[in-house]
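Listed in TrEMBL for this protein:
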- 91-244: domain 'Ferritin-like diiron' (DOMAIN)
- 108: Fe cation 2 binding site (BINDING)
- 143, 146, 192, 226: Fe cation 1 binding site (BINDING)
């Protein structure tokens, strides 16, 4: 359907007051070939404004107002995929963006795998730091959820998820000078910063390809949360450096347990 607009839209004062040069009165409306009914010009209350537009007055169209949907959609109809293995939803989604998302999925799974190994270590009977074990278990689940969120987004945009191999993580986290708790937490801090770097790289790929939707997705779903995680783990590292390797580690572990119970 072709929509055409009259030369102007008029704002009518139902009280008949002067509206200034920017608005037309009833008499000027008739001069502009705008059909106005006397009953329209008066409301029940006798006050207020009415917007009036003519129809069929002129064939001249305003630039930016005319919308020809069937004309504009013709080229899009020719682009609709017919092959069964080609996505129907894909639009303005480049191969570079698709590959960058798959790389980020791999990063999230690798970090999750390391955190899971840390959980297994601190859950041992001869280590028995339940607070740290639960902390790293929750961190592992969180990173895996990030990977799944990226996978869902990849499918939503019409891309294909391609999972890469995951490297085997460490199984021992004891350190002669630092102890196991501080060493593991420093490693976690490095992993969070690395994840943030990879997310910023994904953001730059989206920006370079003018993919506004992907930029918004990365910013709203990941970046703020990543900064918060870096801040929290940085504080844990500072606290563990203060307490040393002995009894203080047990107190730190109890603090984590109490914090987790309070959240639950």
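Every residue gets a Cβ built from N, Cα and C, even glycine.
Small disclaimer: the values here were computed from a predicted structure and weren't measured.
Those same-chain residues not listed among 143, 146, 192, 226 yet with C-beta within 8 angstroms of the centroid of the Fe cation 1 site C-beta atoms are 108, 111, 142, 191, 195, 196, 199, 222, 225, 229. Summary: among the binding-site residues (143, 226), the fewest other C-beta atoms within 10 A of the C-beta are counted at 226. If you average pLDDT over the domain 'Ferritin-like diiron' (91-244) in this model, you get 97.
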